[in-house]
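In what follows, a structure is listed as structure tokens, so that the remarks can point back to it.
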Amino acid sequence: MIIATRNAHKTAEIRSIVGADFEVLDVTHFPDLPEIEETGTTFLENATLKAEGISKHATGWVLSDDSGLEVDALGGAPGVWSSSFGGEEGNHAMNNAKLLAEMDGKEDRSARFRCTMVLAKDGKLQASFTGAVEGRIIAKLRGDGGFGYDPLFIPEGYEETFSELGDSVKNALSHRSIALTKALEWLNSKF
């Protein structure tokens, strides 16, 4: 299975969740595959663009996801722009700094990580799956693990941030894990 991403953190998380069930390679293993621009305005649109785009040029199943943080007090932002919220694509420090600034003085700290994951083959979308984990945004960074907004997000039912919980706990309850589990169940039902 090819994961339509160049994000090493995302690849590692997916590999950890999948285990030995599937061989998982990201697009960095296929230098001739095109770079797919995420021009959609929803997680589903972006995930579909990537999966269909890559699957037109690759053999077999292509898995893609688009995910992000939705903060209620910010009207659902950063949403699909989570990775560039701070102004520079993939700069976690800038993204977290902007989120903290935007949340300053806000009482409603509720938020969720949302993931839409899709499977495509031969250039066509085959199925889509969603996962979400509810929680809240805290006022300062805590923890050294994870990536992105993990040091600011405490999932419902916990007192630690995703960063503090560690990869094994985070991967067991994350939005990506929920969507990926659904995708793997669907794939397994096809074989």
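All positions are counted from 1 along the displayed chain.
Every residue, even glycine, has its Cβ placed from backbone N, Cα and C.
The active site, proton acceptor annotation in TrEMBL covers D66. Per TrEMBL, the feature substrate binding site maps to T5, R6, N7, A8, H9, K10, S67, F147, G148, Y149, D150, K170, H175, R176. Under the heading Mg(2+) binding site, TrEMBL lists E37, D66.
Where TrEMBL records a feature, it is marked here on the structure.
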| residue | record | contacts (Cβ under 8 Å, 6+ apart) |
| --- | --- | --- |
| T5 | substrate binding site | T11, D26, V27, K50, S64, D65 |
| N7 | substrate binding site | D26, G90 |
| H9 | substrate binding site | F147, G148 |
| E37 | Mg(2+) binding site | L49 |
| D66 | active site, proton acceptor | E38, G40, F43, L44, E45, N46, A47, K50, V80, C115, T116 |
| S67 | substrate binding site | F43, S82, F113, R114, C115, T116, H175, R176, A179 |
| D150 | substrate binding site | G143, T161, F162, S163, K170 |
Cβ contacts within 10 Å for G148 (substrate binding site), all chains included, total 23
Roughly how wide, in whole Å, is the group T5, R6, N7, A8, H9, K10, S67, F147, G148, Y149, D150, K170, H175, R176 that binds substrate, by largest Cα to Cα distance? 21
Across all chains shown, how many C-beta atoms besides its own are within 10 angstroms of the C-beta of H175 (substrate binding site)? 23
